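Accompanying notes for the structure given below.
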Amino acid sequence: MCDSFERANKRLVLSQMTSEKPPLPADGQRDESEAGLEVEQVALEAARDGWDSKVEYFLAQVGFSVGLGNVWRFPYLCHQNGGGAFILLYVLLMGLVGVPLFFLELAAGQRIRQGSIGVWRHISPKLVGIGYSSCVVCFFVALYYNVIIGWSIFYLGSSFQYPLPWENCPTEGNDTVKECAASSPTAYFWYRKALDITDSIDETGELNPIITGCLLAAWVIVCLAMYKGIKSTGKVMYFSSVFPYVVLLCFLIRGVTLDGASEGIKFMFYPRLEIWADVQVWRQAATQVFFALGLGFGSVIAYSSYNPRNNNCHRDAFTVSGVNFMTSVLATLVVFAVLGFRAKTIATECVKRSVKMICECLILKHIIMPEVPYMYIFQKRYDFPSISLAFIAFTEAMTLFPGSPFWSALFFLMLLNLGLSTMFGTMAGILTPLTDTFKTLRNHKLLFTACSCVVGFLIGLTFTQRCGNYFVTMFDDYSATLPLIIVVIFQTISVAWVYGADRFLEDLKRMLDRPVPVVYKYLWKYVCPAAMLGLLGASLLKMILERPTYTAWNREKASKENLPYPDWALAVLSALIIVAFLPVPIGYIHFLLLERLGQSPADAEAGYVPCATTDIDLTPLGTLPPSGDDPNSFPPLLHENHGSRLQNGHIEHFESSNEL
């Protein structure tokens, strides 16, 4: 056995000198090593937390991937981009890009059983910065996403009134408030009562006390749900992941019975294939696939790392992706049915007013009033930013429902649960890789979780200013999109080209005990990188050719207007993109510096001088044989002058002379 290990060492040294990847072990070598490896894996899995059941894991993955974007962003994009044509394009990109990349993250996390930092360090120490970039992006997203959850809490509390506070315009004396009369009750309540928004991002304004309190409540809920890691999160998922489907089905049953719902649904499915010629539509569809599955956040990797290694993650990739897509379609059916009803109501009121005017004017002259299709009103009436779909358009339609407070409370309770289930996954994308990497954080996990939530709340106060909604839009549009695209490009290249697609498929074959379709090799190596590079190029071109703008609310005009970001805001959003991506080059430079000093990154972190030339992070899992005749022992790298112990699913190293 020692001779075989020495031969393996020589091959690895020679392959590193020639810049070639070490070959997969031969069948005989694999048989010799797998007995010890299986013992090692059992010990690691016993030390690391795990899901109490497959149901908890599945609900957690579905809860993270199915979020607020399924309820408002996907219906909004369908509304803006050709209805059925956009859905067909979305399905195409989901199959070619979304599912393969989702499977890649599931498999990497389950195989290596670490968070995003540990996974990409194992693939290649040069690319450890990918994991840190994922953590930074998760932190940016958590900051503003919890603000949206706070808005949902505010609307949920406001729903327990009859009539609903956004059903009618308030009055000042005997007159209706001018701003409300010039817009609508729902728009006035959103912009003035909920946000008390300023006219531009340059006007900061004081903190909004009500929204600040709702943000605090949101962070307290997240902290309480995360304090025991997946042990507490998994139990919460039984409600937070299932309840939204109950609400959506109730709304669908109620919606299809409304007058005008059928026309709204027809508008949704009618395919306008000419939109496929628009590059920006492809960009929006790819971005939606990207965010719908939560690619690049590290949360998918974190959740799958708690699975047993024999879990069928290939089937999970298709199941979770399918549930995600069907949820988007279900939510879009509900939205289009309800908005179709609202559009017909508006059209009917318009016709009544027109008939009255005609009757009054017939005495003077003959007037012919052309008929305007009310779906035209549907298309033009709801030309809104996607985030306003839930808080303006849908709330306006619900005021016409019998028992509107009940439906409103149900709707915003659904939004709250959708947001929280995604927020739990986002926080897991931060906490899991950092606690896996740093022993101090792992030993004080509860304190680290609480401190993270406190820091998130304090920074989140930026979004509770009167101009906070504009910062939410900025973070939503720029803090995650470009950095995550870059992260996923590096992830795909690191697996398909640095580690090797053939080696990865061979690892998965041993892990799943069944072959993985070879088509993934070509999807990971060629199709996915090309698609992501195209998405990155289209996004960069849009930013370069068009100055970034945001939608502001003008109080005097009582209407929305698009304003360009000021120079200082452009500097902020540029800094967000740079900070999120910066760990990737820093990690690479750090590796090169350690290499010049004669240390590998794993050695530097463990705090000892290497006694062998094998770099564990560059070695496939199946090629690490046990030392000597003891199947429970680890390679000599961990024994010579050093001790080792199992802690939270990976090996902690220490010098024997310093710690026993």
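Just so it is clear, glycine is given a Cβ too, placed from its N, Cα and C backbone atoms.
Those TrEMBL annotations? Automatic predictions, nothing curated.
Here TrEMBL flags G63, V66, N70, N324, L418 as Na(+) binding site. According to TrEMBL, the feature region 'Disordered' maps to 620-641. Taken from TrEMBL, the feature transmembrane segment applies to 57-75, 87-108, 129-156, 210-230, 242-261, 281-306, 318-339, 406-434, 446-464, 484-501, 522-545, 568-593.
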- Note on the structure: Ranking 57-75, 129-156, 484-501, 522-545, 568-593 by Cβ pairs under 8 Å to the transmembrane segment (406-434) puts first 129-156
- With pairs 6 or more apart in sequence, are the transmembrane segment (242-261) and the transmembrane segment (318-339) linked by at least 3 Cβ pairs under 8 Å? yes
- Message: Let me check one thing: do the transmembrane segment (484-501) and the transmembrane segment (446-464) come into contact, meaning three or more Cβ pairs under 8 Å with sequence separation of at least 6?
- Response: no
- Message: When you look at the transmembrane segment (522-545) alongside the transmembrane segment (57-75), do they share 3+ Cβ pairs under 8 Å, ignoring any pair fewer than 6 residues apart in sequence?
- Response: no
- For the transmembrane segment (446-464), which recorded stretch in the set 210-230, 281-306, 568-593 gives the largest number of Cβ pairs separated by under 8 Å? 210-230
- Task: Return yes if the transmembrane segment (129-156) and the transmembrane segment (522-545) have at least 3 CB pairs under 8 Å (sequence gap of 6 or more), otherwise no.
- Result: no
- Item | When counting Cβ pairs under 8 Å to the transmembrane segment (318-339), the leader among 87-108, 210-230, 281-306, 522-545, 568-593 | 87-108
- Query: Excluding G63, V66, N70, N324, L418 themselves, which residues in that chain have a Cβ inside 8 Å of the centre of the Cβ atoms defining the Na(+) site?
  - Reply: V62, F64, S65, G67, S241, P244, T327, S421, T422
- Item | Remote residues contacting the transmembrane segment (87-108) - C-beta distance under 8 A, at least 6 residues beyond either end | 74, 78, 119, 123, 269, 271, 276, 281-282, 285-286, 288-290, 292-293, 295, 300-301, 304, 313-314, 316-318, 320-321, 325, 328-329, 488, 491-492, 495, 504, 508, 511, 520, 523-524, 527-528, 531-532
- Note on the structure: A correct count of other C-beta atoms within 10 Å of the C-beta of N324 (Na(+) binding site) gives 24
- Provide the number of Cβ atoms within 10 Å of the Cβ of G63 (Na(+) binding site), excluding the reference atom itself. 26
- If one looks at the chain holding N70 (Na(+) binding site), which residues at least 6 apart in sequence have a CB under 8 angstroms from its CB? A292, N324, T327, S328, A331, L418
- Task: Identify, in sequence order, the residues in the chain of V66 (Na(+) binding site) that are 6 or more apart from it along the sequence and have a CB within less than 8 Å of its CB; answer 'none' if there are none.
- Result: S241, P244, V323, N324, T327, L418, S421, T422
- Item | Neighbour tally for L418 (Na(+) binding site), based on other Cβ positions within 10 Å of its Cβ | 27
